[in-house]
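Listed features, source TrEMBL:
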ACT_SITE  63  active site, proton donor
ACT_SITE  143  active site, nucleophile
DOMAIN    28-233  domain 'Glycoside hydrolase 35 catalytic'
DOMAIN    280-392  domain 'Beta-galactosidase 1-like first all-beta'
DOMAIN    417-474  domain 'Beta-galactosidase galactose-binding'
């Protein structure tokens, strides 16, 4: 209508564009979901209880009520997809936090609503929201939290064995059903540690020990024995002794040698060459799911006086190591330092090695694009004409690329990013172990070509990485590759221990500073 103000028409157009975009994304998302279910569910169907198997129920969604969309059509689509592939008899359920608001958006008629919560003083009240949606039927805590995950820069999380055992006893006395999360801890090998967003970006540590009844290495803890005592009050325990902890071994110190700087190895780490773009592209735009991307441009003019290299808020995701003519000058960090003063001549090479620290996997901020998400500026002038190198460090390590001639052991340490290598032999065994990083700052570790994960002792709390014995050779040399991003110790070595160190938080904003001995 000509009576509608032009600004309102523009607003309407923009709103319609957003609606169409969301419908477009939802359509292709559901296509991907259906494609995956076409592979997964036919493998599950023969193993259902009614088909002679041991699967008694299937979870359709997890904590969807914590997401903002509250899209019942989406849940109906999932319900129909599972029913079409599994049949009418299987019990389908959802899991949500134990609040009415979360259950309101997280469940649907035809899906049995269950809840999740940790130890608390009043189990009856904790189950009350489930009873609002399921007046009859079993009480189910689908995720009874036996501990909690760790974030870099925060204390190691946990809960007491007595507290966890008491909560379990209270639920069993109600006749409730319980699934423990986690019953055994685990490891976010490689780049697979995720992140939360709770007012700020919070990346998760490599260890997912979780203070669980069985540790990250699968060993029984005091919490497990407390849980067994509670279970014994309600049903007989299996006969025979408990399996012991797996053997661990302290292989000791292993010296490392510098093999080359990342900037010297771009032909090896990015064999396809760079992508040229006027402005930066995200990891997703260059099809880089994890790891690192190097962004390179040149200073457009002489900068004799310190001038700010700046990123808008959340323009760097998640951490950028800044180098000028190959010399590290500092870093830019998500929810942290967004401006760095630099000087240099026109034409000087400006590199930013950007690290993906893990994707947000819960809540409304799950669209977590990585890399340089917005344009950087130098003294308020936008930088342009970028070379973008998606780095494939893992493939290079796996194929054992021919490295440059290594420098002598103990040679002068260079601020990262630098690759180091070393090797050690075991005394004829391949037992689990834990590797410590004395004096190192932050980086990534590979053993025998396997990406063990991120280390960050300068921030903590995790100080060691778990190395399963299955990664090691009892007879051949075990090869170590280490990518140090910030600063190596004067005498570079790693130390293999027979126990983990998971609870030493140094500083929530630490960077290159070294941890106390």
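Note that Cβ sites are derived from N, Cα and C of the backbone, with glycine treated the same way.
Annotations in TrEMBL come from automatic prediction, not curation.
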Measuring Cα to Cα, how many Å separate residue 143 (active site, nucleophile) from residue 63 (active site, proton donor)?
11
Long-range same-chain neighbours of residue 63 (active site, proton donor), Cβ under 8 Å, sequence gap at least 6?
95, 96, 97, 102, 106, 116, 362
Looking only at the domain 'Glycoside hydrolase 35 catalytic' (28-233), what is the mean pLDDT?
97
Helix, strand and coil totals (DSSP H, G, I; E, B; other) for the domain 'Beta-galactosidase 1-like first all-beta' (280-392):
3 helix, 57 strand, 53 coil
Just how many other Cβ atoms lie inside 10 Å of the Cβ on residue 143 (active site, nucleophile)?
20
When secondary structure is assigned with DSSP, how many helix, strand and coil residues does the domain 'Beta-galactosidase galactose-binding' (417-474) contain?
3 helix, 27 strand, 28 coil
